[in-house]
Amino acid sequence: MKIHEYQAKEILRRHKANVPFGIVIDKKENASKAHDEVTSKTGGSVVVVKAQIHAGGRGKGGGVKVTKTKEDATAAVDKILGMQLITPQTGPEGKKVLKVYLEQGIDIAKEYYLSILLDRSIRKTILMASTEGGMEIEEVAETHPEKILKIAVDPGIGLQVNQARQLAFELGLPAESHKSFQSLVMAIYDAYIKEDASLLEINPLILTKQNEIIAGDCKIDLDENALYRHADNAAFRDITEEDPLEVQASEFNLNYVKLDGNIGCMVNGAGLAMATMDIVKLAGAEPANFLDVGGGANKTTVTNGFKIILGDPNVKGIFVNIFGGIVRCDMVAEGIIEAAKAVDLKVPLVVRLQGTNSELGREVLNKSGLKITGVDDLREAASTIAKLIK
């Protein structure tokens, strides 16, 4: 689950990490009061106004402004709050800014990059750092891979202070900043583990002119499967930042991810769903979604799935690919027929049924009188739906 920067920094504060003071607002009339509170609390005059959206590259899109007066800060809030912010990560449609974060300005000497994530290939947590802070780490990896440092953390013993110290030396940090750096690294690792995060990224990690290390910006992705252990973090969910169809799918307990194609896919099982999307692309078409209905491919589930798929105006056809293990294909077929009637299906529908009672399921579809194309072979089924939408 993605969260906003101000929420990520709230998590870091729980774990005693050094982060700037800031206040989040969602009304323009609160800008002046928030500015005064930040400056009086910190004793500084510089306030950074930051758009709060679930996407990076906010500065490039005009979503981050450094201000030195109250007038400049309120003007920045007036411009940013409510704007449609377009960044390299939002796509051309952008995201509407519903909250802004007013944060104390930091006296920056140098910017670095620091993150913690899981490397599944070695089954260890990785601490990753770079001297190229403030840049997209993907760009650094492509142009200067030698500038990315990695330290693997044994999950049995966790991050050790000597590893944080090693990283400080490898980054070339001034000796006066090592204690501050080690303290922050240990704090964010503690946050990453105890909050069940899947990613914790600080970019930029700031070295101040006073040799203090501060988390200038922070991104945290939380493991949704662990939110039952963190009621406070679950409350961070902002559905206004999520795709409306994905929100609706979660209400139906469906695993749905919207994509950019035009063939809606409904499959039982995540592995088969990914294979189905691959075969659709090989057929020369593009999947419009990932949709795993799991073991509950019944009338209600299929109907809800069709509603979600058809909620995307780009969908020109639907490909249902079901393997009957526990679930019976004849029951699925009945669900498909009822669902097609319930949503008044107008687009081509190709169905592939294999497994338990698959022959009976195909017979049910053939007798339905509906325009449903049944295909046994997976490659042929993908080619069929690709041809039908042309």
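Think of each number as a place in line: the chain as shown, counted from 1.
For all residues, glycine too, the Cβ spot is worked out from N, Cα and C.
Just one of Lys50, Lys95 is listed by Swiss-Prot for the same ATP site as Gly57, Arg58, Gly59, Glu103, Ile106, Glu111, and that one is Lys50. Just one of Asn255, Asn262, Asn268 is listed by Swiss-Prot for the same substrate site as Gly325, Ile326, Val327, and that one is Asn268.
Neighbour list (Ile106 (ATP binding site), Cβ cut-off 8 Å, at least 6 residues apart, same chain): Pro20, Ile206, Thr208, Ile214, Gly216. Taking the domain 'ATP-grasp' (9-248) as a whole, pLDDT averages 93 in the prediction.
Within the set of binding-site residues (Gly57, Gly59, Gly325), the lowest number of other Cβ atoms found within 10 Å of a Cβ is recorded at Gly325. In this structure, the CA atom of Val327 (substrate binding site) is 47 Å away from the CA atom of Asn203 (Mg(2+) binding site). A straight line from the CA of Ile326 (substrate binding site) to the CA of Lys50 (ATP binding site) spans 50 Å. Cα of Glu111 (ATP binding site) to Cα of Gly325 (substrate binding site): a distance of 54 Å.
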